[in-house]
Amino acid sequence: MYGIEYTTVLTFLISLVFVNYILKSVTRAMDFIIYRFLLVIILLAPFIKTQNYGINLPITGSMDTPYMNSTTSETFLTSTLCLYYPNEAATEIADTKWTETLSQLFLTKGWPTGSVYFKGYADIASFSVEPQLYCDYNIVLMKYDGNLQLDMSELADLILNEWLCNPMDITLYYYQQTDEANKWISMGTSCTIKVCPLNTQTLGIGCSTTDINSFEIVANAEKLAITDVVDGVNHKLDVTTNTCTIRNCKKLGPRENVAVIQVGGPNILDITADPTTAPQTERMMRINWKRWWQVFYTIVDYVNQIVQVMSKRSRSLNSAAFYYRV
């Protein structure tokens, strides 16, 4: 009996030694393979040009700022740029291939062919009804017109900021604005907005709620109207709903992938609604040239500096989506 027990113990010890030997052999073989593989990589590394996709981001809580790829000089290699211009520019240039010429010039600034899109619009009013800002970066050219300063200012306020909007049922409800960021935005072929402020008894202040002719006109036959009234006061509204849509909107902050370039004019338009603050000129720029070729040449020269004050975003803006944050 004791002989059998000794034999069992001896067999177990021999097996343990054998397994330990196998494990050490496998470990030495793996070490040999790994070290040989690393040696090959080290020897070949100087001769291989690879793409480094690493990005050093500052800890700011924001991913909106564009950063240059560490192994390429084309900062905006994978970005798209939309350039919006009045149709009169194309009419003056009178060259069917002028956009191709500009595309080649943008290529010299690091923008590959096909990454820059040119979109014309008839006038400020028509562009206000259907703004379409789909590119990573959007630059809107507005030719200064002294008679359209307010229209230009409202359009700039719309496209340079993000708005969270909800429908308004003016036939059933009264509405009030809560703070300076709260505005009523109307869009359509013809928007006439009338308001009647109400007291705590819902009686009109300086107007009669049953007589729309006594309401105050705050917008008349406009295609885009941003209405600001006294905060904290209920209002009854009258809107030309057959040709216009009105929304209750809250300004969330800047739409940082859009810039407006004013062509001509003595000063950059101020789109700040609050009269006690300094004029808002961020991403509002001005170019003073008489000829459109000179305007576009200047934009090509400064395109990368212009884009540096913007931030690449994935959200787009169009005539329907502007009502909601997209």
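Glycine is no exception: its Cβ is also placed from the backbone N, Cα and C atoms.
Keep in mind it's a predicted model, so treat the numbers as computed, not measured.
In Swiss-Prot this protein carries:
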| type | residues | note |
| --- | --- | --- |
| BINDING | ASP95, GLY206, SER214, GLU216 | Ca(2+) 1 binding site |
| BINDING | GLN177, ASP228, VAL229, ASP231, ASP301 | Ca(2+) 2 binding site |
| DISULFID | CYS82-CYS135 | disulfide bond |
| DISULFID | CYS165-CYS249 | disulfide bond |
| DISULFID | CYS191-CYS244 | disulfide bond |
| DISULFID | CYS196-CYS207 | disulfide bond |
| CARBOHYD | ASN69 | N-linked glycosylation site |
| SIGNAL | 1-50 | signal peptide |
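With the fewest other C-beta atoms within 10 Å around its C-beta, SER214 stands out among the binding-site residues GLN177, SER214. In space, ASP231 is the closest of the recorded positions CYS82, CYS165, CYS191, ASP231, CYS249 to GLY206 (Ca(2+) 1 binding site), judged by Cα positions. Distance between Cα atoms for GLN177 (Ca(2+) 2 binding site) and CYS249 (disulfide bond): 9 Å, as a whole number. DSSP gives SER214 (Ca(2+) 1 binding site) a helix state. Ranked by CA distance from CYS165 (disulfide bond), the recorded positions ASP95, CYS135, GLU216, ASP231, ASP301 have ASP231 at the top as the closest. According to DSSP, CYS82 (disulfide bond) is assigned to a strand segment. In this structure, ASP231 is the one among the recorded positions CYS82, CYS207, GLU216, ASP231 with the smallest number of other Cβ atoms inside 10 Å of its Cβ. Separating the Cα atoms of CYS191 (disulfide bond) and CYS82 (disulfide bond) is a whole-number distance of 28 Å.
Of all the binding-site residues listed here (ASP95, SER214, ASP228, ASP231, ASP301), ASP228 has the Cα closest to the Cα of CYS249 (disulfide bond). The local packing around ASP301 (Ca(2+) 2 binding site), expressed as other Cβ atoms within 10 Å of its Cβ over all shown chains, amounts to 13. CYS196 (disulfide bond) has a Cβ environment of 23 other Cβ atoms inside 10 Å. Comparing CA positions across the disulfide-bonded residues CYS82, CYS135, CYS196, CYS244, the one lying closest to VAL229 (Ca(2+) 2 binding site) turns out to be CYS196.
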